[in-house]
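Student: Below are the C-alpha cells for one structure; questions will follow.
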Amino acid sequence: MAASVVKTPKCPRRGSAKEQQSKASPKSNNESNNWHWWILLASVFLITFATRFYKVTEPDHICWDETHFGKMGSWYINRTFFFDVHPPLGKMLIGLSGYLTGYNGTFPFEKPGDKYNETAYQGMRYFCTTLGALIMPMGFDTVYDLTRSHEAALLSAAYLIFDVGLLTLNQYILLDPILLFFMMGSVWGMVKISKATASGGSYSVRWWFWLFLTGTMLSCTISVKFVGLFVVLLVGLHTATELWLILGDLGQPIVETLKQIACRAIALILWPILLYTLFFYIHLSVLNRSGNGDGFYSSAFQSRLIGNSLYNASMPRDVAYGSVVTIKNHKTGGGYLHSHFHLYPKGSGARQQQITTYTHKDDNNKWVIKPHNKQRLPKDKLQLLRHGDLVRLEHLVTKRNLHSHSEPAPMTKKHLQVTGYGESGVGDANDVWRVLIVGGKVNETVHTVTSRLMLIHYLQNCALTSSGKQLPKWGFEQQEVSCNLNVRDKYAHWNVEDNEHKLLPSVSFSVYAPGFFARFLESHAVMLQGNAGLKPKEGEVTSRPWQWPINYRGQFFSGSSYRIYLLGNPVIWWSNLVFLALFVAVFLGNAILEQRRAGQARALVRSQADSEDSEPSTTDVPLCTCCPEEQQLLSRPREEHRDPLGAAAWLFVGWLLHYLPFWAMGRVLYFHHYFPALIFNSLLTGVMFHHIIQSLPRWIQHVLLGGLLSLIVYSFALFSPLAYGMSGPLANEPNSTMHSLKWLSTWEF
C-alpha cells in the first residue's frame, strides 16, 4: 500500500512592498539611521547642557540640603569623622570635586540662605550638574536600543530634559544627581548587555565591557544611597530572565548557561561587592579625625578616631566609687546618659529635671558613682564597683541624682519616668540603682568599655533604658530615657566609656580598637538604624507617596527673595500618568490576545495530531513550511530591543520598584524621593508613544511627535522660573507674574 501523502499547508507571505525595499538595501538604511542617531544625540547633549548650566551658580547662597552635603564634603577635605544615614560615595565625590576645584573645606554651610561670598562652591555645583546632565543622553540611547526608534528615544530624552523638577534637582550640591546618574547608567548597561547577548556577542570585549560597567554602576548607585538597591533588584530580575531564556534555548548546550551564570556572577555580584567594600575602606581611612558624629558609634569604634578621648586612651580599666564616668547605651547608635537644668514640662510626668540620651560629647554626660548609703567616701579610700552593687549616680554639673518613680514616661507610657532629683547629691530612696554586669558573676569588677551593664531600679524593679523615641522641642529632640518594667529590654544595656579616678592606675585601650570589617559592619548597623528612625522636624514640610505622581505639592529650595521651587513640569508629569495607564491597558489586552492565540495554536496542533492518528503517515511534515507563524503562536521573540511592549514592561517594573516600596516606609519622606521612578516613567512614555503610533503613516507620526514636543517645550518655557529663580509677589497674589501658573492650590511658589 502506498504511503499517504500529507499536503503541507501553505501560508501567505506577509510584508509590504516597502518592507521588501528596506530589506533590499539594508546598508543605506543603516547609514541613514546612524547619521540620524548621531545628529539627535548631539542635539540632546547640547540642549541638556545648555538648560542645566544656565544660571548654575545662582543663587549664590546655600539652597536646601546643600547645607548638609556641602558640609559633609568639607569634612572629607578636613578628614573629620561624621555620621550620616547614607553610604559614603556621593559625599566623597562632592568633597573630591570641591578639593580639585579650589575649595579648602572651611565654609561652615550652617543654614539655607547663607551667602557663599568668596567660597569656591562653583566646582561642586558644576560636578553635580554634569552628572545630572549625562542622564539624558544615556536615557536617549537606552530607549533607542530598546525600540530602534528615533522618535521614541527623542521623546523620552525630551521628557527628561524639559522637566523643571529634574532640572532643579540637577543644579545643586546634592546626592540626587549623583544617584540618578549611576542608576541610569545601570539601566543603560543592562540594555547594552541584553543587546550584545542577543546579537551573538557573548564573551566579546564589548560584552565584557558592558558587563563590568553595569556592575560598577550598580555598586556606585547603592554606595550613594541605599535606595540604589531598587535598581540592583531590577538588573537582577532582568539578568535572571535572560539566563532562563538561554537555558530554554535547545540550540545551546547546558554548559553555555553555566558559563553565562558564572560570568554574570563575577561582573554583577562579586565585582560590585568588592567595589562597595573598597568605597567604605576609603571612607573610613580618610575620616580618621574625631568629629561631632562620634557618639553614634560604639566606644571601641571611637578609639580609632584621632582626637577622640578614647584614641590611644590611657584611663583606669576598673571602675570604682568616686569615678567620674560617661555611660553610653550599648545599642547600635546609642547615645550617652545625659541631663541638663531643664525640667519636664507639665503633662509629661513630674516636673523634675530631664534625663535623656545625647549622641554628642558634652560635660552634661558626666556622672559620679556614689555608694547608696553614704554621701562621700574618704578621699584616700579606694573601693571598686562590682556586680550587684547598689549605687547612686550624681550628675556632675547639676548635682542631681538619677531617679525614677511610678509616674509614666513622657513618650513611652508603659515605662516609668526617669528624672534628675535632689540637691547637691542629696535625694531619696528612689535614687538607688543596682549595677548588674550582663552575664556577670558575684564580686566581678566592672570594667571600662568592655563590661555590658544594666541599671535596675531598687524600689521599682525596672531597667534603665533608652527607648529610641525622640523627644519634642522641649527635650531638644534628644532621645527619651525611661525605666522599663520588662528588665529583659534589649535597649537596657550600657557601658562605661570615659572613666576618671585619681587613685586608679591607667592602662592603654588601644587593644580594644576594632579592625576594618568590624567598623564596616557597625557603620551599616548605625546607618540603617538612623535611616529607619528619621522623623520630620517640627514645622517641616513632608509628603506621602500618593502625592508624588500627580505633582500634588512641591518643595522650596530657596525661600528668600530669590525663590527656587522644586516642582515637576505638570504637562510632562500628567501625560506620563496617561501613558502609564495606556501601558497597563495595552499590556493586559495583549496578554489576553496572546492567550487566545495560544489556545488556537494548541487546538490546531491537537487537530493535526488527531488527523495523523486516523490516517497514518510515514512522512513527518512541519505544520507550515513557508512561514513559522503558527509555530510562533507558541514561541514568540522576547528580545526587548525588537519588542517595544516587552521593553515597556521592564521600564514599568523599574517604575514599580522605585515607587511602591515607599508606601511601606515609616521614615520621613520628601517629594524628591519620586524622581528615580519619574525617569523610568519618562522612558516608558517614549516607548509607548512609539508602540501606539508605529502603524500610522509616517507624516502623521511626525505631526503627533512634533505637536507633543512643542507642547512640552512651551510648558518648560512657562515653568522654567521655578528652577531658574523667581522674585516678586508669590503666585497666590493677582499681580504676580506666576499667578496664572498656579494650577493647583497646593503649589506654593
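Residue numbering: from 1, along the chain as shown.
Glycine is no exception: its Cβ is also placed from the backbone N, Cα and C atoms.
Annotations per Swiss-Prot:
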DOMAIN    316-372  domain 'MIR 1'
DOMAIN    382-438  domain 'MIR 2'
DOMAIN    443-499  domain 'MIR 3'
CARBOHYD  Asn78  N-linked glycosylation site
CARBOHYD  Asn104  N-linked glycosylation site
CARBOHYD  Asn117  N-linked glycosylation site
CARBOHYD  Asn288  N-linked glycosylation site
CARBOHYD  Asn312  N-linked glycosylation site
CARBOHYD  Asn443  N-linked glycosylation site
CARBOHYD  Asn735  N-linked glycosylation site
REGION    1-30  region 'Disordered'
TRANSMEM  34-54  transmembrane segment
TRANSMEM  126-146  transmembrane segment
TRANSMEM  173-193  transmembrane segment
TRANSMEM  204-224  transmembrane segment
TRANSMEM  226-246  transmembrane segment
TRANSMEM  266-286  transmembrane segment
TRANSMEM  572-592  transmembrane segment
TRANSMEM  645-665  transmembrane segment
TRANSMEM  669-689  transmembrane segment
TRANSMEM  703-723  transmembrane segment
Student: Could you check which of these glycosylation sites, Asn117, Asn312, Asn443, Asn735, sit within 10 Å of Asn78 (N-linked glycosylation site), going Cα to Cα?
Tutor: none
Student: Work out, from DSSP, the number of helix, strand and coil residues along the domain 'MIR 1' (316-372).
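Tutor: Output for the domain 'MIR 1' (316-372) reads 3 helix, 29 strand, 25 coil.
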Student: Measuring C-alpha to C-alpha, could you say which of the glycosylation sites Asn104, Asn117, Asn288, Asn443, Asn735 are within 10 Å of Asn312 (N-linked glycosylation site)?
Tutor: none
Student: To the nearest whole angstrom, what is the C-alpha distance linking Asn288 (N-linked glycosylation site) and Asn104 (N-linked glycosylation site)?
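Tutor: Computed Cα spacing between Asn288 (N-linked glycosylation site) and Asn104 (N-linked glycosylation site) is 18 Å.
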Student: Validating a neighbour-count step here. Other CB atoms within 10 A of the CB of Asn104 (N-linked glycosylation site): how many?
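Tutor: Around Asn104 (N-linked glycosylation site), other Cβ atoms within 10 Å: 12.
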Student: Who are the long-range neighbours of the transmembrane segment (34-54) in its own chain, taking Cβ under 8 Å and residues 6 or more past its ends?
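Tutor: Those are 126, 129, 132-133, 136-137, 140-141, 144, 150, 153-154, 157, 161-162, 167, 170-171, 724, in sequence order.
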Student: Which listed stretch (126-146, 226-246, 266-286, 572-592, 703-723) has the most C-beta pairs under 8 A with the transmembrane segment (645-665)?
Tutor: 226-246
Student: Out of Asn104, Asn443, Asn735, point to the one nearest Asn117 (N-linked glycosylation site) in space (Cα versus Cα); all of them are glycosylation sites in the record.
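Tutor: Closest by Cα distance to Asn117 (N-linked glycosylation site) among the glycosylation sites Asn104, Asn443, Asn735: Asn104.
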Student: Establish whether the number of Cβ pairs under 8 Å between the transmembrane segment (173-193) and the transmembrane segment (572-592) reaches at least three, counting only pairs separated by 6 or more residues.
Tutor: no
Student: So which residues does the transmembrane segment (669-689) touch in its own chain, when a touch means Cβ under 8 Å and the partner is 6 or more beyond its ends?
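Tutor: Cβ under 8 Å, 6 or more out: 135, 139, 142-143, 146-147, 151-157, 159-160, 163, 165-166, 169, 176, 179-180, 183-184, 227, 230-231, 542-545, 547-549, 553-555, 566, 568, 572-573, 575-577, 579-580, 582-583, 586, 644, 647-648, 651-652, 654-655, 658-659, 662, 704-705, 708.
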